[in-house]
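Asks: As annotated by TrEMBL, domain 'Cadherin' applies to 172-265, 266-368, 369-549, 550-652, 653-760, 761-904, 906-1107, 1108-1213. Annotated region 'Disordered' per TrEMBL: 1009-1032, 1344-1395, in sequence order. The compositional bias 'Low complexity' annotation in TrEMBL covers 1009-1022. The transmembrane segment feature in TrEMBL is assigned to 1293-1316. If you look up TrEMBL, you'll see 1353-1362 marked as compositional bias 'Polar residues'. What TrEMBL lists as compositional bias 'Basic and acidic residues' is 1382-1395.
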Amino acid sequence: MEMQKYRTTSVINCAEDTNTRVGTVDEGYTGDVEVFTGIAPGSNVKLVTKVFNTHLEFLELIFTLGETNATVRTKKPLDADLLALYNNSRTVKITDINDHSPVFEQKTYTADVSEAPTSEDFSLLSSGAFILKRRLNYNLVQKYNFLVTARDNWGLNDTATVTINIGHFRTIEPAAIKAEDGDKGIMIPLTYSISAVSPDKYRSNFHIDSSSGVVSVTTALDREEMDVSMIDVSIKAAQTDDILKTADALVTVSVEDVNDNLPEFDKPNYSVTLLENSPVDAVLFKPVVTDLDQGGFVGTLWIVPDSAPFSVGADGTVRVKNSTVLDRETTERFTFQIEAREANPPHNNVTVQVSVTLLDENDNSPVFTSNTYEGKVYANQTEGMSLVQVKAEDLDADKNGQIKYSIEYGNDDGYFSIDENSGNIALAKTIPLEENVLLEFPLFITARDGGTISRSSSAQVNIRAPGDSKPQFLQKLYRGTHPPTLTVVTEPDKFTISNSGEFSTKVKLDYDEAPHNYTVTISISDGSHSDSAVVVVQVTDVNDNGPVFTSSSFTKSVPEDAELGSNVTVVPATDKDSSFNKEIRYSLRGGEGRFSVDAVSGMVSVAASLDRESKADYELLVVAEDQGRPVRSASASLLIQVTDINDHIPKFSESEYQAEVLETESAGSILLSLSASDPDEGANGRVTYSVFQQSPSSDTPVFALNSSSGTLRLLQPLDYSRVKEYRLVVQASDGGTPSLVGNGSVVLKVKDVNNNPPQFSKERYDVTVSENLAGGSSILSLEVTDRDEGGFSDGYFIYNNDTFDINNQGVVSLRKDLNISVLDYNDNAPQFPIIPDPLQVPEGDYSEKNPGEILMIVPTDADLGPNGEVTLSLTSPHPLFRFRENITTIRVSLLDVNDNRPEFSSSSFTSSVLLKDAEEGKLLLTLSASDRDQGNNSLIRYSFSEGSSPYLALNSETGAVTLTSDLADVTEDTTLVLKAMATDQGRPPLNSTADVVVNLRVASLSEAWPSSAPPTTSASLRTSRRGGGGEGFRRLRKSHLRHLFSINASGTIRSRTQLDREEQDWYILDVEAVDTRSPPTSAIAMVRCALFQVRVEVEDVNEAPQFSSEVYKASVFSIAPYKTPVVYVKASDPDLGEGSQLVYSLTEDSQFFAVDPSSGLLFVVSAQSLSGLNTVELKASDPRGLSATTRVEVQGGASSGDIVVISINQPANIVEKKVWSSNGGSSRASASVRTLISFISEDGGKVVPSEDVTQKLQSQAAAVRAELVKVFGDGLLFEVEIEPEGPASSQPAIIALGVLLALSMLGLIVAVALIIRFKRSQKHEQDSDKESFDIGRNAEGYMNKSLNGAEASEQTRGQQNAAEDGETDGDSVRFKANAQWKNEERDGEESRTTL
């Protein structure tokens, strides 16, 4: 009858009582009854009685503390008669009062713990379970005593003592399977073998020692990959004298689980969204963690870092922990990690990245940039004119941040309208103004966002409408005998009045630098009588000044752990205007949202977390805008440098290092190199190494770790028989304060060397034997030990006795009965002992005088006397080996000694690559070397011994040389020369070197072959020789392409075999041309061969060059020096390859100009008599004689007679510095040093006579000096030079300096306005030398500078365009000066500068 199988699975709930009916089973059932899951880690589960105490005789609970599952199983068959069920139950609920203290079940707890488990400390869970948290060491502590207190929620408690004993960890050795002979007194040796394994596929995983019967595992078993939980191994034992006498046994192998699999998350990373301001405990998501090990994932989940505003529950649900920081406007995205750590050793852990993006909620109201705004309406009002613009900002996103403007109150008459999108308030209809009456209109403006539940804010706008205000006399009619005369009594230099009574200004009034109000007295007189009146003039401000920063650039540093909202720096700006025209609002550009600026104060603060290792520098642009109309703005650059803090723990490259060390390794040998990395900067990232713990410990350290290099060395000799494995806990510490420490482990396995002789258990054995003992009887068993690996299992006994015999197991037996004398007959052949096959012999220098012992062979012969004497000999003479008598076959193999160096396949390796074909990981070449030695002595590793390059990577095992990047930063042909080293793994290691040359080419010679081209396809390569030397030869430098291509002496490259484009579409060849001189010289070119489907060759026909323009225009002053650039002409040639071979020339010689033959730059030869319009014809010719022409029209300018010279007591270099920096200054002037500044002036395109300019400069000398003092400082002396001192140098030094004076002319010269400011040309931002001082309004400066190439062209075209814009507006004068300084030393005291 088949027994019924029954089992149910339930989830246990320790938080409440449950009463579950398991089900029904038949009487006599044995097996599992119920499996419980969901037991919290560290919780204890017990099986207790309920009603009937006898029921526990039939059931038991299978549970281990720390597991999450438990099983209820039968202890004996169930008996229905004894397990009667009484269904007559009643339940009375009794309310508990706290009248009992907790009571421990026993006052002393004792536990034995092995020192082997790896943990990090003891911890006590609320369930009462002790958990290991650090590694234990029996040699340090053998016992732990704890006093544990149990306390309930109302303060009652009890205590108990816990004692934990630490025991030695003993490795469980496999037990031998023994079989005994059924015959008494007969000890026939047995041999053991595996007859079968079920399942059969695991047969190769097991091995049995034929002599001892020890079953061992030869290859590892992985429980997670097995389809069965148990493996049956069938063992057979057989007698050596009769193989038919056997016995069988079955060994069942149960594979236990080892925690060797890491937990896994169901996703590589998580990206979730969450509404900002979500409450605490709001659910984000729930990750799923699995583990292939038995029981699945058992452990805990953590949020890293703990400062993240989220938490994860025991069930994996991620919830909101801190809702106060969930503000999208402050931090839009949170990034953290979830760590899954196993509860069981070795506590494997994994992390997963989580990114939480906050969704916007309409939690911000619009905020106006100002509480009040002002606008004015004047008499010239028109409908639709803009009066003022209000502006509000809303930090919310999308519709929540979109603002609509409206006028809520104050617009009863409908005079005004507002644009709902821009906030611009305009005049809807004209306002009837009243004379001498100021009308005011207060408007209340509302800004409302577009949220579902919208938010709004208000601001007030005051519109003022002043009527015409005219001065009035006290009486309307004045009589006199003569016509009255009106005059201005006060402020006559600024105001005037006509006889008709029209009052007007004479000069421009500046609100910012002059009084805001003027009280002007006017008088009227008829010749005999007079009267006076007062006119009050109020100057109103206009927005004619923009904000100005104190500096154009700022640099500040901030630590990477700066808190959100912490201040970085203030970037201040000022505005010379008044009222709202000077109110500045700041904004920020760039910074990736990591920084913010206060709109009013300009304070820049941290807006998001910083990480120097991700980004170290932030380049921001701070923009300052005033509130005037039109808006004026300025910007300044702000470089914020993030400084490092020590926030990264050094991390070893491997969590555990493993190495094997021979026990004969000498002290001082390098065993292993450890490496750890720390991404921090400076001392925070500088790593030092140390050994924290050695297990097993020793009085003196066995190993030493170099603190800087991480090299692990052996300090003490090793002994396999004493310690077979060392475990080191190593630490990597950085140099920060405080220092951060990363841990790692090193496992060093000691490899045995057969250096210990076997030892008998006794020096002498005394045995008493009966005289009638039968032959073959056992007398004694010899016990022999060997401290080497494997013990004495492979040894044998050597003895010389005719009466007794000793087998390999050490059993001494009687050969014959003691009472019988038997004469020996030579009936036994000599027997050889077991001889290793093959024999291993170290290679070396052996000879007759210096023989080497290979093996001691002791054959046996059962015969006695001469019959048992054995002579060894070789079957045939051997030149290397010999010994005496008898015959057996011996194979001798030589052990390799590392006496051969690695040999490269070539002395040099060369490769070339085009930059456009470069990509990270591209294979350039493969180093190849061989070593004639064997084993580790022939294993080769590659490295670079000399030279290094950030562009190359070398695989130490394969020798592959690859690119590390796409070479984007290489801009010219580059040759990398390195030396490669091939090193074998012998002791000591040997090496050899070879040259490695890698050419990085910008461009190459290219030839194209058709796809599947025949072997005769060819291309030609030409070389040129300088200085003679006769014919030479050419050869390919890449040996691996020589089977595909060849080259002859004339430079023709041919394909040796048919090429297939589908297999490879490009070949790069390095061709070397060598001449026949002695010593020979050579040149190398790279040829790039491309394959394509169809080859069509088009013969080139020479075509004439073409100029980009038929006529070029330029202008030059007659004072321009030699080599002054005029214009840059450019021609192109449509023929292949000849565009850069054009030659430029003049069609006719010119006394004024010449042209550079290669660049096409037209420059001045002599401009002394140059005037009016001059035409020059230029020609561009190609190498085959075709040419094209173009015209250049040059307008001559002023002569030397128009030059005006001023001098200042400043050195030329100081003048240059002040002009370029535009900072004004406090430099100290010296009366003994002078700088002469020469210039000319134009009015409406005509040169102003130098006499007029000189006269006006002399008359306004005080004003000129006052403005120059602002730039050069106090003590400056300024003079107008009437006679220039000395002739100008014929070859002046060209210095980029512009000090340009623009003279405002009215008629001749009425006034001089001297406003010095720095100006940079915005039209040509790349021309950094086009900077000047401008004195006066609307002045523009131009200058020439000796440049080369395209820069000169841009400079000259800038002059040409400037010359064509000759018109001036108002009473301004345009004036030009060549930026050329002529320096002449005069007794070391005076320098002359001509501008």
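Every residue, even glycine, has its Cβ placed from backbone N, Cα and C.
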Asks: Looking only at the domain 'Cadherin' (653-760), how are its residues distributed among DSSP helix, strand and coil?
Replies: 4 helix, 52 strand, 52 coil
Asks: Work out, from DSSP, the number of helix, strand and coil residues along the domain 'Cadherin' (266-368).
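Replies: DSSP composition of the domain 'Cadherin' (266-368): 3 helix, 47 strand, 53 coil.
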Asks: Under the DSSP assignment, what numbers of helix, strand and coil residues are found in the domain 'Cadherin' (172-265)?
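Replies: DSSP composition of the domain 'Cadherin' (172-265): 9 helix, 38 strand, 47 coil.
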Asks: Please count the residues of the domain 'Cadherin' (1108-1213) that DSSP assigns to helix (H, G, I), strand (E, B) and coil.
Replies: 8 helix, 47 strand, 51 coil
Asks: How does the model score the domain 'Cadherin' (550-652) in terms of mean pLDDT?
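Replies: The average pLDDT of the model in the domain 'Cadherin' (550-652) works out to 89.
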Asks: Tally of helix, strand and coil residues over the domain 'Cadherin' (550-652) according to DSSP?
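Replies: Within the domain 'Cadherin' (550-652) the tally stands at 4 helix, 49 strand, 50 coil.
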